[in-house]
Amino acid sequence: MNNYCLNNSSINTSLPITDESFTFTSNYELRIYTSGCYYLDANNNWKLDGLIVGSLTNLYETECLSTHLTSFAGGFIVLPEPINWSYVFANADFLKNKTIYLTVICMSIAYIILMIFGRFKDRKDIEKLGVTPLPDNDKSDQYYYQIIVFTGQRANSGTQSKVHFILSSDNDETRVRTFSDPHRKIFQRSGIDSFIMSVPKSLGLLNYIRIWHDNSGQGSSASWFLKYIIVRDLQTMEKFYFIAQRWFSVEQGDGLIERILPIAGEMEKQNFSYVLSKKAYFSVSDGHLWFSIFSRPPSNKFTRVQRCTCCFVLLFASMLLNIMYYDLSAEAKSTNNTESNSLSIGPLYIAPEQIGIGIMVELFSLVPSIFIVQFFRRIRPRRQISPLRQVLEKIRSLPPTNSRDKTIIKNKKSQFTFPWWCLFIAYTLSFMIIAVSIFFIIVKGIIFGDLKTQKWLTSVLTGFFSSIILTQPIKILGLAVFFTLFCRNPNDDKEAKEYIDETNFALDGDEDYLHSNDFSLLSHSSKRITRLNENEVAFLREQRLKELQMWSIIREFMIYAIFLILLCIISFLNRTQSSFYQTDHLQKYFLNTRQTDCDYTQILTIDDYWNWLNNSFISNLRAQQWYNDDQPINLNGYINDKTNRMIGWATMRQVRSKSQLCSDQRIISRCIEDYSLFNEEKDSFQPGWTLNQTSTEEEEEDYSSSILKAFQYQSSKELDTYAYVGDYGTYSGDGYVYEFRGRLSDIKSNLSKLHQLQWIDSKTRAVIIQLTLYNPNVALFTSVTFLFEFLSASGIHSSARFEPFNFYVFTSLTQLICTIIYICFIIYFLIIEIKLLMKLKLKYFYEFWSIIQIGIISCSITSIIIYIWRFKEYNRLSSLFRETNGYVYINLQMIVYVDDVLTSLLGFCCFFGTIKFIKFIRFNKSLRIFVQILKYVTKDIISFSFMFSIVFMAFLSLFYLLFTSSIASCSSLLSTAQMLFE
């Protein structure tokens with residue numbers, strides 16, 4: 001909009017503001033195309049006999065009408081448009097195509113960063129792998145069990161405490177054993193740890209496992225969430241499951257750190273929550289390519305680097321297909337409404353071209369998705385000996401595995417795999433796809449141009465993030481729930497597959513086994529292991545809960561402090577200092593208080609009002625000559641201050657009351673009461689307020705259309721106006737309107753005629769002048785309203801409102817970033833309050849701080865909705881202003897009301913937010929004493945308030961009755977009460 005309002009604008013300023021027609025020139029585009037209809041005859045020659053082009057032919061489709069039966073062929077496969085290489089090479093510079101070049105550069109940098117991150121995490125995953133012999137194994141023990149421990153995925157699930165256990169069967173049980181590994185951290189979050197335990201002889205059928213920890217970890221590292229344990233007899237290969245799904249923590253759940261886990265039967269292994277937790281986590285961490293870069297199972301052969309490469313291959317391939325068919329899809333959407341062969345589903349139309357484009361894009365993106373991912377997954381690692389076998393070889397002094405054994409192990413694998421050197425082929429193929437995609441994406445971006453590329457990029461990014469965050473997780477979780485409900489397999493352990501199936505223990509070529517040089521088992525002297533009793537656990541629980549409460553308060557304080565700072569920044573940036581200067585200038589400019597004969601604030605009669613209109617207001621509506629008599633150039637549409645541009649034109653609307661029978665008719669029979677919606681005049685009149693509808697054409701020719709229209713009643717819907725609240729009444733948006741359009745001489749002549757025709761008379765109850773200004777220098781809109789209220793008790797009361805506001809949603813990058821973070825905070829608070837409401841139910845609403853939080857959230861959400869509405873409204877008005885070059889009436893009255901609501905909401909947000917800070921100083925001793933005193937004297941305060949109200953009502957009645965006609969502040973009960981409080 002600035003382009004049409006700046007003083008140096010190059011817009012044609014010769015367009016006059018008038019009702020008369022003028023001849024003018026305008027830029028336009030003319031596109032010429034030819035259409036023809038042909039058929040292939042028996043000699044394979046194209047003919048057009050009997051074929052004509054139909055009337056429905058357009059730029060994209062041709063309608064053919066035939067007089068003979070002929071077979072016509074149509075293609076369903078939609079090919080992308082050919083590339084104009086000469087145009088591409090001529091316009092390939094960086095400055096013309098910043099968007100596409102920066103997009104490719106940023107995505108390439110993101111790929112490199114994720115590759116470095118993936119390689120770093122892959123090396124870290126090596127530390128989590130391996131099979132560890134328990135350090136308290138005895139050399140003489142020759143019976144071995146493999147124990148696989150699964151730690152949960154919840155926050156702080158891992159532990160640094162020492163974990164001990166006793167494995168018990170029908171006939172025997174082990175001594176107290178300890179899980180330990182001197183080379184790596186065990187029991188990390190989402191970790192799977194495998195141990196080898198040696199015993200003198202077989203334990204037989206296992207019954208339960210008693211497991212506990214000593215709570216020696218620091219802080220949250222002392223707690224542990226155990227999912228389940230698998231114990232496998234390495235002699236018989238029999239597996240035993242012990243399901244926990246519980247916390248071993250003094251502060252979580254029931255506060256126990258020692259539990260007895262019985263062996264799980266078939267019913268327990270088919271439990272819905274147990275099976276779903278296994279399937280859901282494994283499906284998301286391994287099946288979702290993008291999530292798996294950060295949560296890949298450490299034992300999986302499909303590394304993070306390979307996953308990252310696959311992700312970017314799919315991303316660039318989908319971007320290439322999208323940009324190739326972007327124009328064709330848009331054309332199909334724009335023309336499908338008029339096609340008879342389109343599929344109609346209610347208001348939706350689907351053209352065959354759209355179906356073809358959708359199939360082509362999905363097909364071409366599905367092929368690399370399946371091929372590249374499966375190619376990487378099926379490449380065998382370079383080394384084939386499992387860590388379990390390596391451990392057993394060291395423990396039992398077995399001969400090393402030879403190549404023949406490797407072949408046997410390899411042949412056990414039924415799945416088809418590729419040799420390890422195919423990894424280089426996979427990477428080469430991936431890089432080729434990425435390079436080709438980048439090249440053609442840049443080429444199409446150059447053809448599109450920078451603006452169109454930005455629109456395409458917006459659509460691509462929207463689809464990309466919605467797919468990653470919403471579509472794919474919902475699909476994966478939905479499948480997990482489906483298979484859990486209908487296809488449960490209790491023996492399907494995908495999480496433990498790499499540990500249980502020996503042939504899958506091999507590490508990649510660059511993943512040397514961590515403990516390959518130290519497998520000697522030493523006899524350890526029996527150490528006494530202390531177990532915490534109930535009193536010690538209770539004491540630790542109390543101390544830990546206090547510590548958690550302290551950190552919770554500190555964390556809540558920091559989060560809320562940041563939230564309040566963001567709220568203040570957003571609220572204060574919504575108001576600019578220029579608003580005051582704009583309002584102050586316009587008040588001095590229009591009210592004209594320095595000239596006593598044209599002072600707006602001193603208008604007492606109808607003649608004073610007409611005098612102010614003719615000698616002050618009208619002359620200020622148009623840009624006049626400069627002080628040196630130079631003509632105002634490039635200031636068409638500006639008011640006389642030559643700074644503010646008028647949007648459209650000003651209007652003057654009056655509302656009238658009907659004459660009715662007086663309540664006391666002994667002196668005068670008819671009266672005109674105060675204005676109300678029930679006695680509003682809604683009839684249309686002829687000039688002079690006559691009801692004669694049979695006026696001659698000669699009489700109508702004496703008056704301009706503006707004069708005739710000023711006596712015609714119009715509804716608020718026709719005028720695009722709303723109710724207005726004055727000092728002495730509320731006035732509807734209907735009425736009789738005169739528009740200040742045309743030359744100044746015509747406006748002055750029309751106002752003179754309206755004065756002669758007594759357009760303002762005894763039935764007039766309010767005259768409202770409204771205009772909208774825009775100051776491009778400070779990007780401020782101002783809604784100006786002059787209200788003249790004609791009281792039934794005689795007299796005129798004048799008032800004026802200047803409402804400056806910034807239509808732009810975000811005036812700076814700082815405000816945009818703060819708003820995004822603020823929305824995230826509101827979502828976070830909303831989730832917390834919903835959880836609290838579900839926990840406390842109706843008791844939630846009895847808490848004072850809950851009401852404060854509800855106020856903050858509700859006001860914030862409403863403010864966000866208003867921000868979105870205001871942004872859409874600004875785009876609508878901007879396009880309307882651009883199309884009409886500013887020559888259109890735009891009433892911003894509703895926007896002003898909404899802006900006032902927004903200001904109030906932001907004010908309440910700051911108020912509630914500041915009040916809530918009292919909650920964080922509730923531990924202050926003085927404040928606690930003050931609160932206790934208030935609770936103690938509450939009844940006395942209520943009694944005193946009742947007595948005070950009686951005395952106050954007595955004084956209110958006295959002052960109102962004594963001074964209602966002599967003091968302005970006592971003219972009503974409300975103003976009298978306000979005066980007494982002051």
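Every residue gets a Cβ built from N, Cα and C, even glycine.
Where the annotation comes from TrEMBL, it is an automatic prediction and has not been curated.
Annotation source TrEMBL lists disulfide bond at Cys662-Cys671.
The annotation domain 'PLAT' is assigned in TrEMBL to 143-262. Broken down by DSSP into helix, strand and coil, the domain 'PLAT' (143-262) contains 4 helix, 61 strand, 55 coil.
Long-range Cβ contacts of the transmembrane segment (99-118) within its own chain (Cβ-Cβ under 8 Å, at least 6 residues beyond either end) map to 293, 303-305, 307-309, 311-312, 315-316, 438, 441-442, 445-446, 448, 450, 453-454, 457. Per TrEMBL, transmembrane segment is recorded for 99-118 (among others).
The annotation transmembrane segment is assigned in TrEMBL to 305-326 (among others).
According to TrEMBL, the transmembrane segment annotation covers 355-376 (among others).
Among the features that TrEMBL reports, transmembrane segment is placed at 420-443 (among others).
What TrEMBL lists as transmembrane segment is 463-487 (among others).
Residues or ranges marked as transmembrane segment in TrEMBL: 553-573 (among others).
The feature transmembrane segment is assigned by TrEMBL to 807-832 (among others).
The feature transmembrane segment is assigned by TrEMBL to 844-869 (among others).
The transmembrane segment annotation in TrEMBL covers 901-921 (among others). Listed by sequence, the residues of this chain that lie at least six past the ends of the transmembrane segment (901-921) yet keep a Cβ under 8 A from its Cβ atoms are 553, 556-557, 560, 563-564, 567-568, 570-571, 574-575, 849, 852-853, 855-856, 859-860, 862-863, 866-867, 870, 927.
Annotation comment: TrEMBL describes 941-963 (among others) as transmembrane segment.
For the transmembrane segment (420-443), the most Cβ-contacting stretch among 305-326, 463-487, 553-573, 844-869, 941-963 is 305-326 (pairs under 8 Å). Cβ neighbour count for Cys671 (disulfide bond) (all protein chains, 10 Å cutoff from its Cβ): 14. When Cβ-Cβ distances below 8 Å are used as the criterion, the transmembrane segment (844-869) is approached by residues 809, 819, 822-823, 826, 829-830, 833, 836-837, 898, 901-902, 905-906, 908-909, 912-913, 915-916, 919 of the same chain, each at least six residues removed from its ends.
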